[in-house]
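Taking it in order: structure first as structure tokens, then the write-up.
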Amino acid sequence: MATIQRNMSLTGDASNQLNAFQKIGTAIGLGGIVLLIFSLFKDFQDKVLWLSIALIAITGGILLFAKGLYSNKLEGIKNHGVWFKSISSRGFWGWVAGISLTGFYVILYFYEGLLGANPNGNTGLIGLFDPLSKFLSGNPASQWFVYGTLYTVAILAFGIKFIWKYKHNRYEQLRTVSVMFFQTAFAFIIPELMARLNSDTFSLPYNDLKNMWPLNYYAFDGWRVDQFINAGNIGLAFLIFGILTVFVISPFLTYKYGKRWYCSWVCGCGGLAETAGDSFRQLSDKSVFAWKVERWVIHSVLVFSVVMTTAVISTYLGYDSEKYWLTKDKFLIGVALFLGLLFAIIWYFKKEELKKDARYGAIGYLVIVIALIGIHYFSGTANNKIFIFEAVGLRSFYGFLIGSIFSGVIGTGFYPILGNRVWCRMGCPMAGILGLQQRLFSKFRITTNGGQCISCGNCSTYCEMGIDVRSYAQKGENIVRASCVGCGICSAVCPRGVLKLENGPLEGRIDGNQILLGNDVDLMDLINKS
Amino acid sequence: MEHIVIIGNGISGVTAARHIRKLSDKKITIVSAETDYFFSRTALMYVYMGHMKFEHTQPYENWFWKKNRIELKKGYVQSIENKNKTLHFSDGETLNYDKLIIATGSKPNKFGWPGQDLEGVMGMYHKQDLENLEKYAPNNKFCKRAVIVGGGLIGIELAEMLSSRGIPVTFLVRETSFWNGVLPEGESQMINRHIKNHHIDLRLSTNLKEIKADEAGKVNSIIIQETGEEIACDVVGLTAGVSPNIDFIKDSEIEIGRGVKVNRYLETNIPDVYAIGDCAEQHEAIGQRRPIEAVWYTGRMMGETLAQTICGNRIQYKPGHWFNSAKFFDIEYQTYGWVFSKPRENEAHFHWKHTDDTKCITVCYDTKTNEFLGINTFGIRMRHDVFDKWLTEKRNVDFVMQNLSKANFDPEFYKHYEQDILNTFNKNFIIA
């Protein structure tokens, strides 16, 4: 085994060499990035011109590269040489890319001054983006505006590359057009334009309508809620919409279509993962061990986020008891009742579908949450302390650990090392909630086509969520996994037409076969029934 | 405790082992000379193409075997001594068994071509073939051209493999059209064109005369029988079918023909010795099947069946409706029921092809009863369970054509062709 792998990397192979389009595309695209880096050290005079050149070069470079890669190929799967190229197989360029991205995120989150952020007038990279920001919102740029712009450019340019790659697959194309649209309109342009409405008497918080709690962990922070309430009917509408998405719209769509409606059709994190991160999907860990780690980590983050949000909300409810109709005590009792009821419903209807560790986990976490609420409720009105923690401290600890380090630095910076969905798989509390629902109350499943599976492993290899799809397909079992984001790539890369993403009746959604279709009918009956 | 020894860690042997473990506590040992762990043979091509690493072709993690108490032994069985129930390995070791399952699969056919054992000549079946190909065809600088001999499923996969690394391929096919002993004419012709669209130098009705070597004993060129043309090449792939891999059995008392002869219970003539998968040969063919079926799915089904017999529930191997699938470069192929290359007595074919020349279907039915007999589908995925049901229910062809959309298994938002197919079908029938 070792010999053959070594041969492959040493001798190289032709499929992995760049053609003229790809070389020119690389040069132009990297040229655009060099311009951006250059702006860190020397301010350009004509910012509009140089920013335009840089962004067009980056976009154009990516598109030229994609053209070289796909334009003269027949429709079909384009994974030749994925494991030979160092960028997509954790080789040298993979590590270079991973370290560069990680470094960028560390600077972005913690050292924005290095990028030129300055309340008295931006310089450097952020200064370069001032004209664009003023054009959209009327305000000078921030590091988040720079990041948002580059993020959107990445999703658009790599989105087109992805559509090109899957020119035979309409599911992939529509899905990608959808994430490109939601990123550009909802995450980027609309919030900036809305900022124009703000004045001294009227102010809305920066609001990306599709960015739901708990992915948006500050959605119900006091200052935001206050701003919404103070902004009259529009603000109130946004606030109500925010609550409705969490408790009504999202559960309904997830019931009908699975969590994919959000994770691979709408979400910005998912959008970046599916476009810019597509080249790294094969790097996710498929071992059973990784799956165990995943279940504990993601649900711990979810519990953390619920506790943190409850703490934050109850704090400001406690401060201003006259301002809100909801009091802190009512709120806490309400949360406890809601969680208890949710748990009871799951336990009553779906207990059989939970594995042993999931049952322990569910009971354990419920006890912890209720205990925390109980301790607080009975501990009187020592207002600054929430549960046994300081609410503000809890909130900023979450923001630092989950919001910055996990979702940004590790989640995106480590694309070329851990795969493109580490955050979505291990960390995202939103994915945690949607996943629970997808597993227990949803029509979505990936159907296996009878006995046609040849256990080749393409589906598992290219599953960005690290699901061992093959282990289900070769048993003729539907794939109903909490983590599945419904990207559809397993179905696309299957050489035997075995997998199909479907929404269907709840009955028989999860079924395993000991003996697959095609065998003697008596034997199938005998074994599959016993 | 009864000791079950299985020679061969392919899909047949491993399926048997897994099911025996599910049903019993017997001691199980799997012997293989090829690899340490079970891998999917059909996926070897994707390793060379860079879609996967070899470890990705292994369906079970390495801890699986110990956890399920399935012992793995690496070694080459040289001979079987039935009297003492002993296996003799090439390194002199021995292993005793109580029950023996022979699941040694196939080996590539060689038809006595001059030069067929030269360096750079290889089949594409074992993991060692993959390593060999990696050695002789690492890229298109080292391997300027490859010639493939034999137009079947492995031949076209080898062509796809080599072309994925930009290596020019000449593809010699004995038949007048690709795989037309199995595929009806319209389908076979479509695949011919698809092969050429992938820049493969496809030579139909062409046979290999001999393979020539350079001074070092490595492939240098091949000569074509019909024209005498010499084609310079660095690699020759021999893919003219496979035959049972049973040379080590020849000196034992186990009855063999082309394969190990078995009855419907997969038992050989020697008690407690069984054979399954590619290497097993039925005394009499089952239904319209061939006596030797070198197919992934049948190997798996034989393993499932034999596990029952070994664990005390002696049952016959009774495969259900025939099905199979393959992929020809970018075109997926599935078949359910029987569609032969030419309609047999009282049979007729209905053929539909999309104008883009990558999708088509052929439906076979009985001209007297109108019973639906089978379907070949190219570029459109269809549901196994639906066709299995329709075949069992002996539905007529009109029903199948009218309900074809129920069998569609293409991804969501794909264009549907059922209406177009039905219109064509109805038009044909009115004319006829």
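Just so you know, glycine gets a Cβ as well, placed from its N, Cα and C.
Here TrEMBL flags A:20-41, A:47-70, A:91-111, A:144-164, A:176-195, A:234-255, A:296-319, A:331-349, A:361-378, A:398-418 as transmembrane segment. Marked as domain '4Fe-4S ferredoxin-type' by TrEMBL: A:444-472, A:475-504.
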How many of the residues that make up the domain '4Fe-4S ferredoxin-type' (A:444-472) does DSSP mark as helix, as strand and as coil?
8 helix, 5 strand, 16 coil
Considering the transmembrane segment (A:20-41), which listed stretch of A:47-70, A:91-111, A:176-195, A:234-255, A:331-349 counts the most C-beta pairs under 8 Å:
A:47-70
For the transmembrane segment (A:361-378), which recorded stretch in the set A:91-111, A:176-195, A:234-255, A:296-319, A:331-349 gives the largest number of Cβ pairs separated by under 8 Å?
A:331-349
Summarise the domain '4Fe-4S ferredoxin-type' (A:475-504) by DSSP state, stating how many residues are helix, strand and coil.
5 helix, 6 strand, 19 coil
Could you tell me the mean pLDDT the prediction assigns to the domain '4Fe-4S ferredoxin-type' (A:444-472)?
96
Close approaches to the transmembrane segment (A:331-349) from elsewhere in its chain (Cβ under 8 angstroms; 6 or more beyond its ends):
306, 310, 313-314, 317, 362, 366, 369-370, 373-374, 376-377, 436, 440
Tell me, please, if the transmembrane segment (A:47-70) and the transmembrane segment (A:234-255) are in contact, taking contact as 3+ Cβ pairs under 8 Å between residues separated by 6 or more positions?
no
Near the transmembrane segment (A:234-255), which same-chain residues lie under 8 Å Cβ to Cβ, leaving out any that are not at least 6 residues past its ends?
204, 207, 209, 212-213, 219-220, 225, 227-228, 261-262, 434, 437-438, 441-443
Which stretch from A:91-111, A:144-164, A:296-319 shares the most C-beta pairs under 8 Å with the transmembrane segment (A:398-418)?
A:91-111
Same-chain residues near the transmembrane segment (A:296-319), Cβ under 8 Å, at least 6 residues beyond its ends:
213-214, 217, 220-222, 225, 326-328, 331-332, 335, 339, 361, 365, 368-369, 372-373, 376, 381, 383-384, 386-387, 389, 391-392, 394-395, 398, 402, 406, 425-429, 431-433, 435, 483
